[in-house]
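Visitor: The feature domain 'HTH hxlR-type' is assigned by TrEMBL to 11-108.
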Amino acid sequence: MSRKRFDDSDCSVARALDEVGDWWSLRVVLQAMYGTRRFVDFQSELGIARNILCNRLEKLVENGVLRKEDVGAHGCRFEYRLTDKGRELFPVLVALRQWGDRWTPAPGGSLDLRCRDGLPIAPVAVQDQQGRALDIRQVVLGPREGSPAKAG
């Protein structure tokens, strides 16, 4: 039997992917970071089916990544806005974009993500608390400080 949810997993990556891991959800979050707020605009920008978009927006709101705001003066009209939890995905999506630009470049090129002053964004890197760059060989997985070691 295949596992459908990972919200009870000990793995932080699995739990995070359980909340935002399918590609439509990440595209919706990215589009929200670009300023899209209305359902019709998400649908237009992403070319996503209405039922799939409804499902992803509902899940992202339920998981606290987006919040749904009623902005309709005449009738119901909603906007979807990033929460703090959603905004904290920014470095994750920048890293994923940089990885994609390097390893799966678009045949015709892609847009460049830059600072508002026009300067390029430095590659996202993992650093220790002194700011030194780390690679996978310099990192170990172990119990968090103050947490009991897990057997097994």
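Counting begins at 1 with the first residue displayed.
Quick reminder: no glycine exception, Cβ is built from N, Cα and C everywhere.
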Visitor: Could you count the residues of the domain 'HTH hxlR-type' (11-108) that DSSP puts in helix, in strand and in coil?
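Guide: For the domain 'HTH hxlR-type' (11-108), the helix, strand and coil counts are 59 helix, 10 strand, 29 coil.
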Visitor: Grab the pLDDT values for the domain 'HTH hxlR-type' (11-108) and give me their mean, rounded.
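Guide: Taking every residue in the domain 'HTH hxlR-type' (11-108) and averaging pLDDT yields 92.
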